[in-house]
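Taken verbatim from TrEMBL:
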REGION    B:1-22  region 'Disordered'
COMPBIAS  B:1-10  compositional bias 'Polar residues'
TRANSMEM  B:134-151  transmembrane segment
TRANSMEM  B:163-184  transmembrane segment
TRANSMEM  B:196-214  transmembrane segment
TRANSMEM  B:244-265  transmembrane segment
TRANSMEM  B:272-293  transmembrane segment
TRANSMEM  B:330-352  transmembrane segment
TRANSMEM  B:364-388  transmembrane segment
TRANSMEM  B:394-415  transmembrane segment
TRANSMEM  B:427-451  transmembrane segment
TRANSMEM  B:463-490  transmembrane segment
DOMAIN    B:514-640  domain 'STAS'
Number of protein chains: 2
Amino acid sequence: MDVIGVSSSRRNSENLPHVHKVGRPPRQNLLKEIAGTVRETFFADDPLRHFKDQPRSRKFVLGFQAVFPIFEWGRHYSFSKFKGDLIAGLTIASLCIPQDIGYAKLAGLPPQHGLYSSFVPPLIYAFMGSSRDIAIGPVAVVSLLLGTLLQDEIDPSKNPAEYLRLAFTATFFAGITQVTLGFFRLGFLIDFLSHAAIVGFMAGAAVTIALQQLKGLLGIKDFTKKTDIVSVMRSVFRAAHHGWNWQTILIGMSFLAFLLVAKYIGKKKKKLFWVPAIAPLISVVLSTFFVYITRADKHGVQIVKHIRRGINPASVDEIFFSGEYLAKGFRIGVLAGMIALTEAVAIGRTFASMKDYQLDGNKEMVALGTMNIVGSMTSCYVATGSFYRSAVNYMAGCHTAVSNIVMSGVVLLTLELITPLFKYTPNAILASIIISAVIGLIDIEAAILIWKIDKFDFVACMGAFFGVVFCSVEIGLLIAVSISFAKILLQVTRPRTAMLGKLPRTTVYRNILQYPDAAKVPGILIVRVDSAIYFSNSNYIKERILRWLVDEEERVKENSQPRIQYLIVEMSPVTDIDTSGIHGMEELLRSLEKRDVKISLLVLANPGPIVVDKLHASKFHEMIGEDRIFLTVEDAVRTCAPKMDLEP
Amino acid sequence: MDVIGVSSSRRNSENLPHVHKVGRPPRQNLLKEIAGTVRETFFADDPLRHFKDQPRSRKFVLGFQAVFPIFEWGRHYSFSKFKGDLIAGLTIASLCIPQDIGYAKLAGLPPQHGLYSSFVPPLIYAFMGSSRDIAIGPVAVVSLLLGTLLQDEIDPSKNPAEYLRLAFTATFFAGITQVTLGFFRLGFLIDFLSHAAIVGFMAGAAVTIALQQLKGLLGIKDFTKKTDIVSVMRSVFRAAHHGWNWQTILIGMSFLAFLLVAKYIGKKKKKLFWVPAIAPLISVVLSTFFVYITRADKHGVQIVKHIRRGINPASVDEIFFSGEYLAKGFRIGVLAGMIALTEAVAIGRTFASMKDYQLDGNKEMVALGTMNIVGSMTSCYVATGSFYRSAVNYMAGCHTAVSNIVMSGVVLLTLELITPLFKYTPNAILASIIISAVIGLIDIEAAILIWKIDKFDFVACMGAFFGVVFCSVEIGLLIAVSISFAKILLQVTRPRTAMLGKLPRTTVYRNILQYPDAAKVPGILIVRVDSAIYFSNSNYIKERILRWLVDEEERVKENSQPRIQYLIVEMSPVTDIDTSGIHGMEELLRSLEKRDVKISLLVLANPGPIVVDKLHASKFHEMIGEDRIFLTVEDAVRTCAPKMDLEP
């Protein structure tokens with residue numbers, strides 16, 4: 001390999017045999033360079049690795065299996081695995097049926113659409129998805145978001161048919177968004193919602209959803225359409241005058257207590273995870289029976305009333321492919337699709353890392369997107385992976401996505417056979433079930449940990465939380481994304497710099513703030529720049545280095561120590577530099593040359609391969625002198641020190 | 001200071017006396033920490049440094065001088081400095097008068113408003129600005145941008161009064177934007193337009209402006225309102241059928257040739273800088289005289305016709321403070337204000353670094369903004385620093401902003417006395433003057449350098465260029481900003497990682513791609529992460545490290561070398577880590593623990609102060625073991641190596 005030396009002028013190498021050359025990597029072909037960047041950006045996981053050096057027929061099989069992973073893992077499927085999947089599938093089915101009905105109401109849709117969305121999408125996912133633990137279906141946060149956004153456009157009580165059509169349109173575009181992101185390998189975009197922002201957003205959404213349930217739980221008839229806490233509490237207290245319905249409250253509160261106790265039991269004893277999982281179904285059965293016996297619905301207890309029997313009707317004709325609602329459906333779909341993705345991918349990753357298998361985020365997105373596109377054509381609304389149901393699925397011992405197929409089958413039977421029985425289910429029960437489900441989304445421990453680790457993250461977390469609770473889901477989301485972006489911008493505009501000192505009895509130079517025993521070298525200022533030097537920070541870095549110099553010169557003067565004669569810039573963390581960065585360095589050099597202390601010159605230590613390359617391309621290495629670029633700070637110091645006049 | 005050691009278990013320190021502790025900086029008070037961040041973000045230049053430990057009266061004087069720097073440098077002003085400023089002022093005045101008239105036409109405004117904008121704003125700037133070399137007045141790019149944006153709202157030929165009012169409104173809000181950015185110290189926002197994007201944008205604007213001048217230069221009457229090259233060329237060729245006006249072309253072309261020759265002379269001999277500087281005025285005088293004598297205006301040569309005599313009338317009542325144009329003026333003003341700032345700050349910085357004086361970007365913005373606010377009330381439109389006139393000012397030997405006062409005085413005299421004489425000035429001359437001025441904005445050398453240094457920057461440069469030329473100024477700007485942002489996002493989502501090897505005869509570990517003689521340590525994989533670990537990249541970094549491991553294991557297996565038993569992650573460049581980053585590291589650890597080769601464990605080398613602090617806050621240091629965090633890679637390797645079983 002062709003390596004061009006940059007440093008170690010002969011003069012120095014005589015007395016310093018250890019001075020190494022700073023490597024300049026062989027110049028790469030331009031196309032190769034671009035290809036490398038593209039690969040690292042979009043194909044960081046090297047998805048075609050298995051296809052290499054395979055015969056054509058094998059490639060086809062592999063490609064088919066890549067799209068439908070079920071044909072890969074299906075071959076090793078066994079009865080013992082099925083036992084686990086069956087139990088897990090039955091458990092999540094008993095959990096999902098009452099939840100689905102409640103979530104559909106949250107989205108402003110007729111109850112059966114919740115069940116539809118737990119029938120078709122899980123089936124599609126089982127064929128195409130690669131997570132083994134995720135449980136697919138409608139989820140609380142997406143239902144809330146979708147409901148809020150849709151109701152901004154159409155009033156479901158006045159125009160239910162149009163509302164439903166817009167919901168399908170949004171679902172369709174949510175699926176398109178997900179497939180597009182996955183197909184063009186833009187999955188990393190969802191990483192821009194930081195963990196902290198998600199924690200805050202989820203907790204805010206949970207509070208909002210729980211507040212919405214006060215309508216059902218207290219039997220309030222005239223309830224606000226807004227989701228912020230102020231409007232909701234006002235609604236609640238205004239309704240208090242007319243008198244809340246005590247029968248509803250009694251039923252709702254007692255079953256809520258039952259559900260919470262069940263949840264507590266499940267949390268205390270991991271083995272009893274099935275207790276909270278079947279508690280909702282038990283509540284539904286008991287309360288429905290109770291209402292049917294007592295005819296409490298005649299005393300003001302609101303019930304589900306009608307729920308359509310039979311499996312999903314086709315809805316492909318209902319999607320708006322033209323007209324003003326196309327654009328609105330698109331906008332809502334993109335937003336709901338992204339949030340749904342964020343939740344599903346986070347769940348998928350968590351369980352994949354717990355069981356140690358690989359999950360291709362982009363492939364997951366294609367699977368989730370396809371399932372939503374098909375869903376939108378079969379009367380489903382946006383489905384995704386649910387946090388709580390996936391955890392139950394995992395604890396119930398699922399092995400593969402077959403548990404989703406089992407769940408789907410149970411939902412099918414429910415739709416065909418027993419939906420009429422839900423007629424007398426009181427709404428208060430659905431409210432209690434939703435409240436007990438969303439409580440799990442409030443993760444106070446995570447918030448405390450975020451506070452401990454990173455204050456800025458905590459601001460993002462709280463911003464999202466209060467944004468959702470006091471304004472709306474969209475505002476909360478906007479705040480979360482904005483704060484996350486602000487953090488990135490802060491990172492790229494204000495990178496850190498540090499003054500280095502030598503650790504005693506070593507050749508190692510470290511930040512003197514971190515290592516108080518690190519000693520400054522007299523007459524030399526060593527500064528480390530901790531970031532790539534880009535247009536966004538080149539000016540700041542230049543001025544910051546000059547400020548280090550001015551401060552240090554003042555300090556030195558006060559203590560009558562030797563004045564600063566060399567400025568060594570440690571470049572190890574500088575992985576890249578662009579044209580603005582080179583300009584900044586040139587300006588720094590010019591400023592140093594114009595100073596009173598003429599000798600105070602620039603020395604670079606350990607620039608990386610790309611930086612060396614660009615210094616050469618811009619001829620900057622000639623401007624500062626080839627013999628002023630060193631492999632290590634130690635080399636630079638050893639070369640500078642003997643030349644100095646160390647009188648103060 | 002209280003430093004808590006993290007590494008160097010007793011067992012190791014016995015045989016390795018040099019193993020240093022990894023320092024944990026003393027925990028900072030939360031408020032102090034936040035204050036530190038705020039200071040570094042907004043007050044990186046420590047603007048109040050001079051105010052420290054001063055008596056109250058002195059503080060007042062300093063504060064006054066900070067707002068009006070003229071009262072600081074004015075005290076040292078001398079006659080010899082005035083000589084330089086006088087000559088420079090006269091030179092830029094002779095340059096600006098014809099340019100101003102042309103630029104006003106470019107912005108769609110009556111010619112006198114160009115002159116107004118060279119009278120009031122430079123005076124204000126001279127009192128408040130801190131650059132010594134900048135020449136204030138209307139500039140080509142901002143005039144074009146303003147003209148394009150204003151004409152999208154109001155047609156100046158149909159409704160000139162409203163158009164003028166909107167122009168003042170935009171100017172007012174441009175000033176407000178600039179003052180706001182400066183006052184809230186948000187000046188760093190303009191750094192987001194990268195150098196490369198500016199080069200492309202300026203060149204594109206120059207081409208667009210030059211194309212617009214074909215109207216005047218060829219005497220075309222029916223000219224397109226669009227600025228893209230396709231529309232303009234279509235206009236030009238359509239006009240060719242009706243016959244261009246040959247007299248106009250003759251005058252325009254011959255003076256354009258004269259101006260370009262003058263420019264060439266000025267470029268070849270730096271001493272003759274005044275030749276291109278006064279050439280425009282000479283052209284105007286000669287051509288006006290010529291047209292007056294021959295009455296060429298009767299033969300189709302278009303002339304300036306009316307130009308109002310007298311100084312700026314007040315225009316404060318004309319600004320839209322309500323109505324639909326308020327919002328439009330605001331939007332246009334914000335955009336024009338930002339672009340004007342970008343140009344002025346770039347110029348200011350360039351000359352400040354050439355003469356080595358400090359320029360406070362935020363203070364500059366306040367000065368520029370104030371001058372535009374006052375300008376908007378005195379019939380001026382957006383003024384800023386001009387590249388070319390500032391360079392002439394510098395070469396003519398200006399010392400202080402007094403040259404701007406001189407220029408302003410000359411413009412005052414022009415307005416009061418000789419504007420009627422411009423009546424017969426042919427438009428073709430103004431077109432030639434503008435063309436010869438904007439040619440300097442096309443910096444091909446810079447573009448070549450950008451290509452050499454950074455291909456991505458070059459894409460941004462070309463994107464901005466073609467966006468402006470083929471679409472519009474706004475689209476070009478949008479492309480430039482988008483590509484610049486994409487670069488930042490790429491930087492924060494796909495940071496670099498490198499495999500390290502040991503350089504022979506040293507204890508230094510370097511990127512094996514840069515230093516081919518760096519040797520891998522058998523059984524140990526050393527990976528360096530070259531960025532802060534944030535939510536935007538934590539997942540990528542985790543997966544990338546695992547991929548290094550898998551690749552290396554495969555290679556090792558093929559060559560039957562010792563298998564990998566340790567993974568050392570060099571953390572020197574990792575300046576920060578957030579909650580998502582900690583999660584990523586935990587997942588990495590979990591993945592490693594689940595691997596077949598159980599012994600392949602995580603070791604960290606040289607985490608920075610903030611990272612150490614956060615590892616502690618999250619108890620991650622306990623998860624990986626306190627004795628697995630080392631000061632240097634060498635320490636880590638020396639500790640790992642003896643424990644290894646090096647059989648392949």
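Keep in mind that glycine also has a Cβ here, set from the backbone N, Cα and C atoms.
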Do we see three or more Cβ pairs under 8 Å linking the transmembrane segment (B:163-184) and the transmembrane segment (B:364-388), pairs being at least 6 apart in sequence? yes
Taking contact to mean 3 or more CB pairs closer than 8 A (sequence separation of 6 or more), are the transmembrane segment (B:244-265) and the transmembrane segment (B:364-388) in contact? no
Given the transmembrane segment (B:364-388), its same-chain partners at Cβ distance under 8 Å and 6+ residues beyond its ends are 67, 95-96, 104, 107, 109, 113, 116-122, 124-125, 128-131, 134-139, 142-143, 146, 167-172, 174-183, 187, 312-316, 319, 333, 336-337, 340-341, 343-345, 347-348, 437, 440-441
Stretch in B:272-293, B:394-415, B:463-490 most in contact with the transmembrane segment (B:427-451), if contact is a CB pair under 8 A: B:272-293
The transmembrane segment (B:463-490) in contact with the transmembrane segment (B:272-293), cutoff 8 A, at least 3 CB pairs, sep 6+: no
Per DSSP, what is the helix/strand/coil residue tally across the domain 'STAS' (B:514-640)? 61 helix, 21 strand, 45 coil
Over the domain 'STAS' (B:514-640), what is the model's average pLDDT? 84
